[in-house]
Amino acid sequence: MFSTHHVSRLLIPLLFFFLFCCFSSTFAQDDITNPVEVRALRVIKESLNDPVHRLRNWKHGDPCNSNWTGVVCFNSTLDDGYLHVSELQLFSMNLSGNLSPELGRLSRLTILSFMWNKITGSIPKEIGNIKSLELLLLNGNLLNGNLPEELGFLPNLDRIQIDENRISGPLPKSFANLNKTKHFHMNNNSISGQIPPELGSLPSIVHILLDNNNLSGYLPPELSNMPRLLILQLDNNHFDGTTIPQSYGNMSKLLKMSLRNCSLQGPVPDLSSIPNLGYLDLSQNQLNGSIPAGKLSDSITTIDLSNNSLTGTIPTNFSGLPRLQKLSLANNALSGSIPSRIWQERELNSTESIIVDLRNNGFSNISGRSDLRPNVTVWLQGNPLCSDGNLLRLCGPITEEDINQGSTNSNTTICSDCPPPYEFSPEPLRRCFCAAPLLVGYRLKSPGFSDFVPYRSEFEQYITSGLSLNLYQLRLDSFQWQKGPRLRMYLKFFPVFGSNANNSFIFNRSEVRRIRGMFTGWNIRDEDLFGPYELMNFTLLDVYRDVFPSASPSGLSNGAVAGIVLGSVAAAVTLTAIIALIIMRKRMRGYSAVARRKRSSKASLKIEGVKSFTYAELALATDNFNSSTQIGQGGYGKVYKGTLGSGTVVAIKRAQEGSLQGEKEFLTEIELLSRLHHRNLVSLLGFCDEEGEQMLVYEYMENGTLRDNISVKLKEPLDFAMRLRIALGSAKGILYLHTEANPPIFHRDIKASNILLDSRFTAKVADFGLSRLAPVPDMEGISPQHVSTVVKGTPGYLDPEYFLTHQLTDKSDVYSLGVVLLELFTGMQPITHGKNIVREINIAYESGSILSTVDKRMSSVPDECLEKFATLALRCCREETDARPSMAEVVRELEIIWELMPESHVAKTADLSETMTHPSSSSNSSIMKHHYTSMDVSGSDLVSGVAPSVAPR
């Protein structure tokens, strides 16, 4: 046995040996970063708030030698003998604070990226000192103030992206000096004043995106002098009374012209001389006169001239356009015949479709055949020809299933599940090959089409060839149209089997860095059809945690570390077991201290009204999240049925990769949900935020979803009184979200599968949260009465006005609930075999046969109640938002119908809720009626049984 004295005698010389190695390696360390840039980086960090500690390794060591997060350096020293920072990539790190003027001291910088953070304040003029800068990427922040004149003196700038901020003031005339700039993205700000005519002299510009600003004055004819301009996008500005210059018809390279809602007047210019024009949107202006007769390019996919004051007839040149996807001439004063050749002569394959929107004009007839193929949609509502009963199918309201708004891969397989975070690779030669993908959020900022499906295969080839990957390494998980229109995508890239000698299931480090660098450096070539893209996020799963290693706490450079390793080889030979044991015991004590601190931190987290569960508690409740306990899956993640130690049965929502939030955002959402209490909302019982997991614990609903209870043939199907009770409860829950939650919440995804039923068949609305808050005015100047965002709805339930306005309101929830009411009335699904429930029931109502659509499984009910119920449902589903009732009116009318129900039906409903579930206390029918009605919906009944913890707004 070694005594303490013997151990000390061994440790002392060993300590001196290690110190010698450290000092020796320090003198032999690598080249260091320019001291001016080191000081600048430290000041830059001090000006930022870093709540998730992404920049924690900026405290130690040398930026270039110690792998500082987001810092990329040149590979060798420059003429001053120092290393220099070449890129500062701090995108999507949840940073806030201000941009420091010290950025101007990074004199050799080529890429400056703070995209998708929460940076406030103004843009430092000192950035204009970085003459080497090629990419200035500040989009997706909260920056304000004017654009500095100094930015116009960056001679090497290729791309300037300051979109989606709060920038105001004019465009500096100095921008006319940006002779190398190709991409000019300033959209979604509050930039005002005249577009400088001097910009027309820029020789390299290919994309001008200035939409959603406050620009005014006139449209400079000089813009037509740009020799390489491909995209001109100026939507939603205020060029009061100005006309579109005829010279814009001479933009020979132009692919897309979008001047929607710009207060433009005068005639539509003749654009027939633009050989490759693919997208034209001049809608929502005050253009007048007739549509030019010149034939547009065969490349055209979209023509939108709706909401103007155009007169005359549809020109014959709109027929025979081989790539046309959308023609919208709605809300004009056009007349005459509609040439059916527009859609009859369009050759369509199985992936292609065409939409022709001619609503609200003066068309009197259709020339040619009026029959439609399955992938052709024609809207004629509001024209004189709709008086012809044979055209009723073309004159109904718009429904969203006619428009391609998104897609998700099914990814079905006969293989057993991959262990998280691995997924089945799409590699064709290796079935059931599990691999860890790279997750990329990607957005096309100005696509040249209206329907993505026909171009999906072409896009997949474009992106994989640009990244030098095989086509099968990409899975386009889903895509969604956003306001703009812009196209958001969720991409997954998989490694090739056997490509990584150490681990076939993941990309090697160099490949991850290469792919990431291609995206962050905008090194994927532009494709005319897809337009400019932007990187929304690049997510690395935990298995890739070593790809971008953090600096060691010691702050030693790579050379120093190498010296220590080499010098320590000899020491390792003499290291005894007792010393190893001592070191291990010290480490164990250190780990225990860290674990205690973590437990203490979590234990101190208290949110009133909900419990903070440990990961172990929820794993135990679900048999370690056994697949046998899974009861559902949604956009947030998988849902498990669990039994807590107390015996309480709960539903546990476990966030999947892509749904995880920052800790602050997650806890903010928990705090909001904990304050929502109503008997018709699913109650949040607790949460878990540890072990890299985020989970929500809800009360368990024994009778599942309303969708299940309508579609499944129960021994005793739900009768009308029970369905009416469910409808009333659902409406009250939604009304609470609209009027009593603080801030108010628009649900945005009301559907039968989001209405759950407890043991007594009480309806409880589920799946609401922070992502659905009624908004305050944002950077686009949108009013606080609606949400403008990625559509969250479900086909069949989504407000049709969304496809015109890209806005969701409280009336959008009314529309969705109306669809649910129609489901309750008919037993049908929203969309079945291409038939839309709203359209079908409207047709039946107009023909006087509404009662023929009643679900035959229900017992007889007074016709008066059924007709009032159906009429209310159809009012909720009116195409025009203003024509729909408010949610408060819906509740009142449902209560009136409930009062009209015979006592025998109400009593039977009470009995049904008893016999179909666990025994509970009885109540007579009069009590049942009183319990579910209250003519003053703003009073006690709305919040009866509700803890008054949310103050009215």
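Positions of Cβ are set from backbone N, Cα and C atoms, glycine also.
Record check of Asn250, Asn703, Asn709 in Swiss-Prot: the feature N-linked glycosylation site is attached to Asn250. Just one residue in Asn67, Asn626 has N-linked glycosylation site written against it in Swiss-Prot, and it is Asn67. Only residues 6 or more beyond the boundaries of the repeat 'LRR 8' (253-275), in the same chain, are considered here, and those with a CB under 8 A from a CB of the stretch are 211, 219, 227-246, 281-292, 294-297, 299, 304-305, 310, 317, 446, 448, 528-529, 531. Mapped onto DSSP helix, strand and coil, the repeat 'LRR 4' (156-177) counts 5 helix, 5 strand, 12 coil. Cβ neighbours of Gln633 (ATP binding site) (same chain, under 8 Å, six or more residues apart in sequence): Val639. Highest Cβ count within 10 Å among the glycosylation sites Asn67, Asn188, Asn288, Asn365, Asn508: Asn188. For the binding-site residues Ile631, Val639, the largest tally of other C-beta atoms within 10 A is found at Val639. The Cα atom of Asn188 (N-linked glycosylation site) lies nearest to that of Asp749, taking the recorded positions Ile631, Gly637, Asp749 as the candidates. Candidate recorded positions: Ile631, Gly637, Asp749. Nearest to Asn537 (N-linked glycosylation site) by Cα distance: Gly637. For Asn365 (N-linked glycosylation site), the nearest of the recorded positions by C-alpha distance turns out to be Asp749; the candidates were Ile631, Gly637, Asp749. Shown for the repeat 'LRR 3' (132-155): DSSP residue counts in helix, strand and coil, namely 5 helix, 3 strand, 16 coil.
Scoring each of the glycosylation sites (Asn75, Asn179, Asn261, Asn317) by how many neighbouring Cβ atoms lie within 10 Å, the top position goes to Asn261.
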